[in-house]
Every structure is written in structure tokens, then in C-alpha cells.
Amino acid sequence: MKKKIFIGSSSEELRIAEKVKKILEQDNEFEVTIWNDNSIWDNSVFKLNHNFLTDLLNSSLSSDFGILIGTCDDKVIVRGTERLQPRDNVLFELGFFIGKLGLDNCAFLIDKNIHILSDVQGITLARANMGDPDELKRAVNCIKEHFKHQPNSGINFFPSSTLASVYHENFIKPTCQTIIEDNGILDTAGKKHTNCLVKIIIPNKINIDVNSQFQILKNKISTNTLSFNYKGRPRNISIEIVESSEENTTIIDFPTIISGIYYAISNLLPQDSETDSITYRNILARELDRFVNTLYKFIKRDGYDEIVKIVYEDKLY
């Protein structure tokens, strides 16, 4: 899946935004959307029948990175001196996207002659003479390289990251600790299961009833229920297993916690949002992708990637 970049600018400078988009999409690594792009209205984030803030929220949930373009739109008096600064709405959008995507995933592309408020210093800044094609290309390429080097599954402020963290700490980590430290799993019936592999099953898409989704998948697999003492936890846990042989045991888990993604998004967006719309489904798909990427990061960080595999449902059979 291509990383998505949102470009915001004043309506007077859409011409520059289009040039920036063209540079960003040259190597086909990013999918770029310009706000209020009149030349490609169908691909625009903002629609006439939507509230501005609602659409801005939708775009932040649908994007991985944000670039705001600051040009010499307004004249202001700063301590008795006349200076040029970007429009207030551009600064608002910059703050909004930093709050949603994180500081490292946003950039401010500004004209050389612009006055920058001290409050925005410290974010990724790229200055250029907007009328010089070579300067503009160099500045945009600097931003592009910065985005390319951002961790693919970095922890962010989205609900999926929190859910992945909770799932890892409460299921994957203690299960793997038990397998590693005890050289397998000793169930409550006294049977030892060695050479264990944990498979985390991920649905291709999220529906409102995730439990039913997973039950349908579970019905297609012949499994047994096994209980064992959680490592470091004063309680038992029941898991589904598939024993391919006497020596090998595959542990199957369906992370129903991802139902929280659906409810989190439905609570973030206005109540009148169309849950069957392409935008809504795309947001859910990207959140599921973020859940998987974040979970994989935790698994690899703790050294469990040899015994834990993440499998999508269409690769299960």
C-alpha cells in the first residue's frame, strides 16, 4: 500500500501545490491528495456537501504524512515592522495535522521571504523561492527523503497503535515468554506442547461484528482448546491449537480487540458519516494496516518474530 500525503495550501496557491504533487509522485512511492484540487475534483478531500472540519478529520485519518505550503499571502505588522506570513487557515491545518500524525510526519514548505512564528520553529521546515523550479524541487525532495526515512510502523496517535500495544502485552508477550522459558507449553491436563508456532489471524477487512467474522473463520479450522498458566500471571488462558504432529503445535489466535478500531473511528467521526462510503472503508483499512504494522514492530522488538507469524485470512487455507 502506497503511503498517502496530504497537501494543504491557500486556494490562491493551488498552482504551487500541483507542482509539489508532481514532484512527490515521480517515483510512484506516494499517493498525494491536494485539498480543494479543482482540476481533479473527484480526488479532492473536500466536497461541497461536507463540513470543513469533518473533511479535515477524514483526511488526517486517511493520510500518513502532511505537507502544508506557506506562501506570502498576508501582510502583518510584527513589532512595528511589516512582514509577510501565510494564511491563518494554513497554520491551523499545520497544527491540526501535527496533532493527528505526529511532528515527524508533517512538514512546512515555505517561501523564502515568509515570516515564521517562533511557535512553529522545530518542525520540519523547507524554504524555497516558489517561483524557481529548481529550488522548489530541491526543497520538496528534502521533504520526500525525510518522509521515506520515517519508521514504517512507528507508534502514533491512532487507536490502532494503542490496541496493538494492549494485545501484544496481554497475549503475545506472556504466551511467548512461556514458550521460550518453559521450552513449550504445559497445559492444565499435564501435557507438554513443544515446538510451538503462534499464528495471528487478521481479517481482510473489518466489519462491525468482528466476533462473528472470526467465528466464521474458526469454523473452517479444526482446532482444540488448550489451557495453561500465563507466564507471570495468576490465571489460566485458553487458546486454540492445531497439532500438525506430536512434536509441533500451532497456536491460532483471532485478535477480536480490533473491533475497537471500528468503534473508535465511528466515535471520532460525526454521527452522520456514511459507514458504507469509500472514504470510511479506506479509513478502516488503513487503521487495520496500522494495527498489523505496529504489532509486527512490537513482535520484532521483543525477538518473537521466529515463533509468531501474522497471517491474513485469505492466506490461511
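Heads up, the Cβ atoms here are built off N, Cα and C, so glycines get one too.
As written in Swiss-Prot, here are the features:
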type    : residues               : note
BINDING : PHE171, PRO234, ASP253 : 3',3'-c-di-GMP binding site
DOMAIN  : 4-128                  : domain 'TIR'
REGION  : 160-316                : region 'STING domain'
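In the structure as shown, the Cβ atom of PHE171 (3',3'-c-di-GMP binding site) sits within 10 Å of 18 other Cβ atoms.
Averaged across the region 'STING domain' (160-316), pLDDT for the predicted model comes to 82.
Under the DSSP three-state reduction, ASP253 (3',3'-c-di-GMP binding site) is assigned to strand. The 10 Å shell around the Cβ of ASP253 (3',3'-c-di-GMP binding site) contains 17 further Cβ atoms across the protein chains shown.
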